[in-house]
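Structure first, commentary second.
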């Protein structure tokens with residue numbers, strides 16, 4: 001270190017090329033480092049060793065806990081942290097009329113999308129239609145305060161609904177408790193900064209999972225589309241049940257369902273139609289009105305289908321005779337605010353037969369099992385996907401999003417909602433509607449409240465086939481076929497975990513399917529860690545002495561060291577010239593690696609072949625020194641060339 005005020009208590013520099021390193025036990029080690037010539041072309045690395053001896057006793061470490069905790073608490077109470085963890089404080093003081101108009105339009109537009117989706121998604125979760133609406137308003141209000149992305153509309157999603165069904169099997173008490181526990185786990189993950197866990201779910205695994213879930217959701221709606229009874233959690237079980245009961249298909253339901261799908265797909269194209277010049281500035285007032293109307297009709301297509309089909313259902317309903325299978329009674333009014341249920345009561349029918357058995361809190365936890373981890377991770381994945389899609393280059397705070405959706409789900413559980421998060425489809429509508437801040441969620445939530453207060457009597461007439469058509473028309477675009485071609489072009493092996501996840505999720509429960517994908521990804525990572533690439537170059541010193549330069553491309557840890565040793569020995573035996581290991585890319589090593597490198601050094605000594613090291617990182621050097629390795633390391637090519645020439649001339653091993 002060149003600073004005049006640098007103090008080296010434990011490290012004394014004896015010369016330009018020698019460091020004396022004092023161990024804790026008083027022993028000394030010396031490491032020869034050649035003098036540095038910064039004007040030498042090709043100089044790489046650093047000769048700096050920053051060694052400290054700040055070992056504290058156990059009692060000192062225990063005493064330091066108090067000051068550390070006080071510092072952490074003080075940092076948490078800083079204004080910067082407050083503004084980071086309560087994002088509304090950043091944008092609310094700058095809120096203006098333009099923001100208010102943009103949020104109002106976007107909030108109402110998203111509300112028209114949320115209401116029919118909430119009714120439809122509740123059927124995926126196996127719950128009465130009202131529970132989809134119960135989980136669609138409180139979360140919107142909470143996200144205004146804590147959310148960091150303006151485009152995220154909180155509420156039920158197709159994937160979260162399917163996971164809820166697989167975990168709760170249609171028992172609303174389980175679903176509400178799952179919402180509470182999911183929110184609690186998400187909040188704790190956010191407070192402990194565990195947002196990095198989604199990094200273990202790679203793109204191929206995420207695509208395989210999403211595609212499989214889309215097919216399962218589509219399959220789950222075929223029964224309502226055809227007006228038959230079918231059950232099953234997995235893809236195979238569902239289609240087996242559908243085939244068994246397909247002879248009971250109701251013509252009216254099937255006809256309405258397929259017509260709705262076609263109409264929805266056609267209406268989806270309306271926003272792309274532009275009347276007049278492409279540039280809005282050059283369009284007349286009439287052209288702008290037509291284009292806006294086409295966009296609004298295409299965006300609110302789900303609500304239009306629900307209203308029209310509900311009207312058809314009401315028109316043909318006569319004295320209890322239903323022309324189609326309808327969703328039935330939806331309780332009017334807002335849900336009561338109460339703590340989530342921590343047990344399931346025993347339910348008996350009129351004959352005294354037990355319809356639903358009693359379940360304690362422990363039984364519920366055991367039944368929910370791994371879903372308590374899978375659902376928070378998938379919810380975060382869905383939410384971060386929206387944030388990244390509309391971030392415009394801004395960083396995405398996964399920790400804050402975990403806190404926001406966690407508190408939202410906890411709040412939802414007190415109004416009998418089931419787990420939800422941001423939906424990409426609604427996020428796209430929100431963004432296209434011109435949302436300016438998270439305040440748009442206020443109008444979405446108010447619209448859901450109005451629907452619960454005044455329109456629930458009319459929900460009775462909505463055909464199930466129409467809701468099934470809405471879900472099928474939405475999830476069919478979630479099947480990520482488009483990623484297969486670029487994945488094949490870029491790296492074919494990425495298809496393996498993606499396809500494995502896809503197949504496993506179709507054949508097994510979803511939590512096992514995604515674990516299969518993550519497990520395969522980890523195996524691939526471990527394989528690459530155990531098989532580093534070694535670049536080989538043959539170089540010549542200025543005096544004409546040839547030597548072999550071997551450059552490993554990653555750190556030396558126990559799975560890879562035997563492989564590296566065998567490769568270096570192989571190249572050394574084949575060439576019989578001095579070998580230099582360029583450690584530029586070796587940023588870490590462990591004790592096993594040090595032992596194997598020691599064996600490698602002895603291998604070269606036994607056949608009188610020169611082995612040298614170049615650009616060894618100080619941290620790696622510390623590991624080697626701790627294992628008492630005898631080796632020579634250099635940090636510039638001039639000294640390296642001199643050492644090779646000298647050892648070659650004297651014909652002595654290094």
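Here the Cβ of each residue, glycine as well, is placed from N, Cα and C on the backbone.
Heads up, TrEMBL stuff is auto-annotated, nobody curated it.
The list of residues near the transmembrane segment (100-119) in space but at least 6 beyond its ends in sequence, with Cβ under 8 angstroms from a Cβ of it, reads 129, 132-133, 135-136, 153, 155-156, 296, 299-300, 302-303, 305-306, 327, 423, 425-426, 429-430, 433-437, 439-448, 451, 459, 462, 467, 470, 474. Sequence annotations record features per position, and here TrEMBL assigns transmembrane segment to 100-119 (among others).
Annotation comment: TrEMBL describes 125-146 (among others) as transmembrane segment. Packing against the transmembrane segment (125-146) from elsewhere in the chain are residues 85-88, 114-115, 117-119, 152-156, 161-162, 164-165, 168-170, 172, 175, 179, 327-328, 330-331, 335, 400, 403-405, 407-409, 411-412, 414-420, 438-439, 441-442, 444-446, 448-449, 451-452, 456, 459: each is 6 or more residues past its ends and has a CB under 8 Å from a CB in it.
Listed by sequence, the residues of this chain that lie at least six past the ends of the transmembrane segment (175-198) yet keep a Cβ under 8 A from its Cβ atoms are 125, 127, 131, 135, 164, 167-168, 340-342, 364, 368, 371-373, 375-377, 379-381, 384, 398-403, 405-414, 416-420. Residues or ranges marked as transmembrane segment by TrEMBL: 175-198 (among others).
What TrEMBL lists as transmembrane segment is 254-273 (among others). Beyond the ends of the transmembrane segment (254-273), by six or more residues, the same chain brings 224-227, 291, 294-295, 297-299, 301-302, 304-305, 309, 312, 324, 432, 463, 465-466, 468-470, 472-473 to within a C-beta distance below 8 angstroms of the stretch.
What TrEMBL lists as transmembrane segment is 294-317 (among others). A Cβ distance under 8 Å defines the sequence-distant neighbours of the transmembrane segment (294-317), meaning residues of its chain 6+ beyond its ends; these are 109, 112-113, 115-117, 119, 256, 260, 263-264, 267-271, 273, 275, 323-324, 326, 429, 432-433, 458-459, 461-463, 465-467, 469-470.
The transmembrane segment annotation in TrEMBL covers 364-381 (among others). Same-chain residues lying 6+ beyond the ends of the transmembrane segment (364-381) with a Cβ under 8 Å from its Cβ atoms: 159-160, 163-164, 166-168, 173-174, 177-178, 181-182, 185-186, 189, 195, 197-198, 201, 206, 209, 342-344, 398, 401-402, 405-406, 409, 419-421, 510-511, 514-515.
Residues 102-104, 106-108, 110-112, 114-115, 118-119, 129-130, 133, 136-138, 140-141, 143-144, 147, 150, 153-154, 310, 314, 326-335, 430, 433 of the same chain lie 6+ residues outside the transmembrane segment (440-460) yet bring a C-beta within less than 8 angstroms of a C-beta in it. Sequence annotations record features per position, and here TrEMBL assigns transmembrane segment to 440-460 (among others).
Nonlocal intrachain contacts for the transmembrane segment (466-484), taken as residues 6+ away from its ends with a CB within less than 8 angstroms of a stretch CB, comprise 116-117, 119-121, 123-124, 158, 203-204, 207, 210-211, 213-215, 217-218, 221-222, 224-225, 256-258, 260-261, 264-265, 268, 302, 305-306, 309-310, 327, 425, 495, 498. Positions annotated as transmembrane segment by TrEMBL: 466-484 (among others).
With a cut-off of 8 Å between Cβ atoms, the residues of this chain six or more beyond the transmembrane segment (496-527) that come close are 162-163, 166, 200-202, 204-205, 207-209, 211-213, 215-216, 233-236, 369-371, 374, 378, 483, 487, 559. Residues or ranges marked as transmembrane segment in TrEMBL: 496-527 (among others).
The domain 'STAS' annotation in TrEMBL covers 579-647. In the predicted model, residues of the domain 'STAS' (579-647) average a pLDDT of 83.
As a summary of secondary structure, the domain 'STAS' (579-647) carries 36 helix, 11 strand, 22 coil according to DSSP.
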